[in-house]
Every structure is written in structure tokens, then in C-alpha cells.
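Copied from TrEMBL, the annotated features are:
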- B:1-20: signal peptide (SIGNAL)
- B:77-158: domain 'Cytochrome c' (DOMAIN)
- B:Cys95, B:Cys127: heme c 1 binding site (BINDING)
- B:Cys191, B:Cys194, B:His195, B:Cys244: heme c 2 binding site (BINDING)
- B:Arg240: substrate binding site (BINDING)
- B:Cys244: active site, cysteine persulfide intermediate (ACT_SITE)
Amino acid sequence: MTKLTQRLGSTATALALCTGLVFSAQASADDLAAGKKLAFDRAKGNCLACHHIEGGKVAGTIAPPLMAMKARFPDKAKLRAQIWDATAANPNTIMPPMGRHRILSEKEIDQVTDFIHSL
Amino acid sequence: MKKMLTLLLSAGLVATATQAISSPQEDLEKFRIHYEQRFPGIQLDEFGNGPYALDANKRLQWESMEEFPPYEEYVDKGREIWETPFKNGKSFASCFGKNVSKIRTKYPHWDKKTGKVVTLEGDINKCLKDNGEKPFGWKKGKIAYLGAFIGYEARGQKTNVVIPDDPKALQAYEEGKQFFYAKRGQLNAACADCHVYYPGQRVRGQVLSTALGQTTHFPVYRAKWAKKGKGDGMGTLHRRYGGCNKQVRARPFKAQSKEYRNLEFFHTYMSNGLEINAPGYRE
């Protein structure tokens, strides 16, 4: 009986770990919605100032449209790094360093990254 | 805290932005070639029309605005200011000469005595003070009306800024140039980022203008400035500089500060040979 409880317990832990992994790899619908709001908000991410994003109105034309992002950034961490400080890859870029200059908080950058990566 | 951060950031970035020293003439040539290659077929003077030289739809809207231009009443107000004598019986003509059309293209210029760049607005207020009158505010209102009248009377004449071969003048020019190319503010953008590298492109709905030709139409009537709390639409070049700096979330410098005067020196020099078309209309 004790053995069974122990087994059940470890199975439960394993299950929890799995769900946890799935959870972190796939953003929740809430995070995606929050990321979208931040990306479209003129006072926040304002990605639309320069990038076309499906569903966004009056987008700018300075930068490439944000689409097929998983193909362009198979590694989500690289996309996050680009959003956090685009000047690391190109010091002359016109893209504001969203994290380095604290335009967005770390949590907001996570949410924007989730949303952009989903495009 | 936020202001502090912005300030620190802009200060740090200004310090890291270094440009190789080249002569003003060399700079001007490179500047011109850049726009000629970027916008082949656009005539030099067309650049003075800002975004309306680059975007057909915006041009149509602008041309219809120009049929009954909203700045006209301010040109008339400027004329009245010009003609109204001071309490001492003198007038602006005692400072600037009787021929109004000969004023605009003298500015900005290097003043050897004071070792400073002198602007039209600076001399307008100097004239008032020298005659015991209260100076105008720097950014809008009477100073912009008088500037609009002076600009209107000089329409068609060519911008002709002289950078004398004087180390101090060249230093002022160089500082203006550095200001123009240095990234600043929380958004980390230089004047050049938008107006050299991306003119003709849109930021949201706004078409970015070329830096070439930007100075010819000031003072300007800006629809954005003709709203409650903003004023009647009229404003000076330094008012616009301040607005641009705020848009990239940098702390703006004061109108007629050394920073903006030096920027005006460089910025206007880059438009040498372009016709004065002040006052202009802009969105």
C-alpha cells in the first residue's frame, strides 16, 4: 500500500513536470492576448509603428512584416533577445531596445515574445 | 526616475557616437548623393515639400490645403507686427533694414564676435530688447508670425548658409552634425534614423520626410499644433526640434539653446541651394 502510494506520488510528480514543460513551451491564451495588446499599444511595444502585423491597423512600413516567425526564429530565445536589445545585433538599427531601455518590463517582453512568435 | 534614466541614456549614447571629421562641403556632397540615389527623379527644390514630395496621396491633400492656406492670416499678422512701431518710435526695420525680403536667407549665421550661431528668432528678440520692448516667447505666437512674414517675403530665394573657415564655427557645425547623427532618448533614435535612412516610409500613418529641405518651410503651420492646448498651428523650427526629441522620449533642449542653434546651423547648411518656401503647411 505504501509502495502504491509512493508510485502514484511519483507518477503525479512526473505528470506535473510534463504539464509544466508543455506549459512553458506553449504560451497561454492569456499571455498571447496580453502580448498582442502590448504590441499594438502606441505607448507600449508599438510594434505596429514599423511592422505590419495581421489584425493591426495603420501599420508602418519601416521594418519587415511580422509573419512566419517560427520559421525565422526557430529559437524563441533569439527572438526575445532581438526584442530586448536589437542594437546588440546591429548598433545602427532604428529598433528601440525594448528591454535594455526599459520600455517594457521583463514580463511584458515575455508576453510580446510569445505573441510575436505565434505569428 | 524615468527622466533621469532617459537623460543618462542619451548622455551615454551621445558620448559614444563619434563621426570622422570631414569638411562641411564634403558632408553636403555625400548628403545630396544619398537622396539623389534614394529618390531618383525628384528635383532638388521638391525636397522642400517634405512628405508631399514623396507620397502622391498626401500630396493631393496638401495641394488642396494650399488653395486656402491656413497660415495666410498669420503672415498678415506678421506684417502688422513688422509695421507697428516700438514705443521709442523705431521698428524692426531699424534692426533688419527696410527690405523685408532680404532677411530670411541671412540666417542662421556665425557671429565671430560672440562666437555663436545667430538665428532669426534670436535677432528678433535682440531687436526688441535693444529697443526697450519685451521679447516674444521663443516657440510660437508673435515670433512665429513675424518669422512667417519674413519667410513669405523671401520665398523663392535660395538657402545660403555660410560656414566660415574658423575653428570655432567649424566646431559649432560639428556639434550640430553630431547631434543630428547621435541616437538619443529611451527610443534610441537619431534625427538621421528617420530622416536620412527611412524617409518616404511610414511610421504608423505618418510619412517620414527627408532631412534635406526640412528647414526651408519654417516657421510652419502644423495641423497637429492647431488643437486645444497646443496653439493656433504656428511654430518655429526649435519648437519642432523639441517635439522630435520628445517623440523619441529624450528630454528636449530649450528653444534657442546652444544645442539647437548648432543643430540648425548644420541642418540648414545641408539645404543650401534649396528655395525658401516658408511658411509651410504640414500635418
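Start at 1 and count along the chain as shown; that gives each residue its number.
Placed from the backbone N, Cα and C atoms, the Cβ positions cover glycine too.
Model, not experiment: these values are computed from the prediction.
Mapped onto this structure are the features recorded in TrEMBL.
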{"residue": "B:Cys95", "record": "heme c 1 binding site", "DSSP (3 states)": "helix"}
{"residue": "B:Cys127", "record": "heme c 1 binding site", "DSSP (3 states)": "helix"}
{"residue": "B:Cys191", "record": "heme c 2 binding site", "DSSP (3 states)": "helix"}
{"residue": "B:Arg240", "record": "substrate binding site", "DSSP (3 states)": "helix"}
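Under a cutoff of 8 A between CB atoms, and with a sequence separation of 6+ in the same chain, the neighbours of B:Arg240 (substrate binding site) are B:Phe218, B:Val220, B:Arg222.
Each residue in the domain 'Cytochrome c' (B:77-158) has a pLDDT score, and their mean in this model is 98. Shown for the domain 'Cytochrome c' (B:77-158): DSSP residue counts in helix, strand and coil, namely 40 helix, 7 strand, 35 coil. Less than 8 angstroms from the CB of B:Cys95 (heme c 1 binding site) sit B:Asp123, B:Lys126, B:Cys127, B:Asp130, B:Asn131, each of them six or more residues away in the same chain. Other residues of the chain with a Cβ within 8 Å of the Cβ centroid of B:Cys191, B:Cys194, B:His195, B:Cys244, the heme c 2 site, are B:Ala189, B:Ala190, B:Ala192, B:Asp193, B:Leu208, B:Ala211. Taking the binding-site residues B:Cys194, B:Cys244 in turn and counting surrounding C-beta atoms within 10 angstroms, the largest count is reached at B:Cys194.
Listed in sequence order, B:Leu208, B:Ser209, B:Thr210, B:Ala211, B:Gln214 are the same-chain residues at least 6 apart in sequence whose CB falls under 8 Å from the CB of B:His195 (heme c 2 binding site).
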